[in-house]
Amino acid sequence: MASWNHKHIIDLAAFSLEDYQNVLELANRFKALPKSGARKLPALQGRFIAILFFEPSTRTRTSFEIAAKRLSADVQTFSASTSSLTKGETPLDTALTYVAMGADTLVIRHSSSGVPEQIAKSLEKAGKKTAILNGGDGLHSHPSQALLDLFTLVNFFEPSKPDIKSIKGKRIAIVGDILHSRVARSNLWSLTGCGADVILCGPKSLLPNDFVDFVSSPPPGQLIDPIKNRGKVMISRSLKETLQQSDAVITLRLQKERMNQNLLTNLGSYHREYGISRRILQNFRKEIPVLHPGPVNRGIEISSELLDDQSICLTQEQVKNGIPIRMALLYLLMASK
């Protein structure tokens, strides 16, 4: 395996093709472990991982816990509701508390964009060597979700020998509430970075026309994009036209908790225009896999019938793949230190 040069994982804007390949190859090895009878590895024995989620989570939090334990790390999960946050403590001071207790890595989720990066910079300024892994921040980024989505797609397209090259030239649709989705932003970096074209599909209120500018230039402070030839990003308002052109579709939850205005007429009309069902998919000759980062609003983004058909709706496969992907990220961040 080639070298790994990231001290933290805040987003995927600085990921190279080599980085994506490293993560997916390692995740593939970790995924195969149970077949060999091994449930745990001593790779991170004696290391301390603190999971600091200042926002509710089921899949991400639990899979990080399982991933850390399968690598034999010591794990402590922070509970915001019973912490000193209720007394006015800041997320930075909470993080510093865990660093003082010896945490080697902090996995951080927060409802405000930029919090994991701010904590990483503060720790570096203080001379701390603790790694920060972003578990999702505001509307900004959710790198581990995008990587497990990529891993799921690669395994679908090339199940016998998964390879990052299998995604190149594919057209992947992202449908739904893109405006409020940190997952969509991270998926844009990973999919276009690996050579896929992306079609963004949704109502104008949830998908502004200028969203395609998101990956047109590196973010502030990053002068060079490590990917020379990214895939294209397009916008569509028609689900039917989008699916006709797509090799796979990632549909997104309507994030009502982040909507501060009336952006939709009603949920019924949204489902009729942008909801995905078995009936809609039957109109196309090729098999189109359906992904969703969860949690799913049944009958809104995906029909119940389709959601329960795991031969084509890969939501449970995504959940399974979250563990080896997060094992890979923790290992890459910590094994060389």
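Note: Cβ is positioned from N, Cα and C throughout, glycine not excepted.
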For the carbamoyl phosphate site that Swiss-Prot gives as ARG59, THR60, HIS142, GLN145, GLY294, PRO295, the extra residue out of ARG29, ARG109, ARG237 is ARG109
Identify all same-chain residues not among ARG59, THR60, ARG109, HIS142, GLN145, GLY294, PRO295 whose C-beta atom falls within 8 angstroms of the centroid of the carbamoyl phosphate site's C-beta atoms; report them in sequence order. SER57, THR58, GLY135, GLY136, VAL183, PRO293
Using Cβ-Cβ distances, find the residues under 8 Å from THR60 (carbamoyl phosphate binding site) that belong to the same chain and are at least 6 apart in sequence, listing them in sequence order. PHE53, ARG109, GLY135, GLY136, HIS142, SER144, GLN145, GLY322
Which three-state DSSP class does ARG109 (carbamoyl phosphate binding site) fall into? strand
If you rank the binding-site residues ARG59, ARG109, HIS142 by how many other Cβ atoms lie within 10 Å of their Cβ, the lowest count goes to ARG59
Out of GLY294, PRO295, give me whichever of these binding-site residues has the highest number of other Cβ atoms within 10 Å. GLY294
